[in-house]
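Per TrEMBL, the features are:
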COMPBIAS  122-131  compositional bias 'Acidic residues'
COMPBIAS  140-149  compositional bias 'Acidic residues'
COMPBIAS  158-168  compositional bias 'Low complexity'
DOMAIN    16-109  domain 'TF-B3'
REGION    122-178  region 'Disordered'
C-alpha cells in the first residue's frame, strides 16, 4: 500500500478487497457490494460500516441486505458528496475483517486521488504577535531549538564507548514466560 494509505500494510496482504466503478445512475444513493465478495463479510452482517478515505475523513454507513444483496446505504450519499464522485471513477475497498473499509478513489486519469481531506486548524493561545510567533512553523522551530539545546547539554565530549565507565552485558540465552 502507498504511504498515504490509512490502514497498516498487513491489511493489504491479508484482508480482502473489492472494487466498484462509480455510476451515479446506480450508485448515488447506495452501493451494492459485489456478490462474489460476500464470503468475506462477517456473519451476522454488521448494521454499520466505517469508510475511511485517504484524506483522513471517515463516514459511518448502514449495511443493508435486500433481496440477497448487500448494500452500503444510509450515509453513502454523504460519502459521495464529500468526495465529489463522478461517473466512471474507480473505487477500491480494503476490508479490515470487522467493519472498516479503506476506500481509495482513482480519478479519470487513472491515478489515486486524495479527497475529502481533513483540515487542520491552527489555534491561538492569545499570545500571537505581529511576527507570527504563534504559527505552527514557529512552534515547530522552537521545539527543534529546545531539542538541540537539550542534546548539547546532555552530550559528554569525553564519552568514548571504550572508556572504563561503560558496562557491556552479554546475553547468551533468554527464556520468555507467558
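Cβ coordinates come from backbone N, Cα and C, glycine included.
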Tally of residues which DSSP labels helix, strand or coil - the domain 'TF-B3' (16-109): 17 helix, 40 strand, 37 coil
Model confidence over the domain 'TF-B3' (16-109), averaged pLDDT: 94
